[in-house]
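Written below as structure tokens is the structure these notes are about.
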């Protein structure tokens, strides 16, 4: 069983409640239902997300069941018109055609010849179409003359509702889908609103970032360094041991008043330096720890929800 057969290529996770189309591709029933409903609402002919084959009326009736009336399905298919390549088709790879000796041939939508003919994969990301056009199979942009291609896939965010890839402004966190008008966070895919949680060192407050752990380690290191720095002044202090009957500290005879002045200025400077370090360390440490705790609690809650769903499915559909 291939990876595509094990995973639902719509939500990119393990298939739950599988449903197989007439083209032999399998998806989650809920995923393919939502996918077809969105395509029909936008007056598009529902196509298989993998091979771009048309999902016919009877199959749509079985997929959507009682949620959409058969007459409404046929009416919307008539409004959609014939199947034709769209601007979003190139983001969906076609099904594998054949696997020769060492060179794999796949069907990807070519933006140059507007056909889904077989392309030869020269390396893991570069494809050569039968028309001679070379492009990246991750971002589907032209490969260019250079052997080193800069993939533009990271410049697009996928809508969690209709799964359309949208270009976004790097200076903003929110993205508005060009198809369904859903506004979502390009990092965590959650609904985006004005009070969307934010991390002080990252644009999104719910998206895990390794930078947070680095800030925590840096803050702890600064605190330890400051704690050890102040006692170390005793080693360079220009004083000798106790002397006299009053048991007071006496300066070394070799030390001049200038030395004491320099040492005093050094102590004041270090005191200010340590105070600022501790302030900045706590400023970094507290929100990062709170952010890490939030992510930990969120992951635990999500795990409990999935566990309950699996338990419910086990009792509902015993095998």
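Including glycine, each Cβ sits where the backbone N, Cα and C put it.
Automated prediction, rather than curation, is the source of TrEMBL annotations.
Lifted from TrEMBL, the feature list:
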DOMAIN    4-208  domain 'RING-type'
DOMAIN    8-51  domain 'RING-type'
DOMAIN    110-162  domain 'RING-type'
TRANSMEM  215-239  transmembrane segment
TRANSMEM  260-286  transmembrane segment
Which residue counts does DSSP yield for the domain 'RING-type' (8-51) in the helix, strand and coil classes, in that order?
13 helix, 10 strand, 21 coil
Taking only the residues in the domain 'RING-type' (4-208), give me the average pLDDT of this model.
65
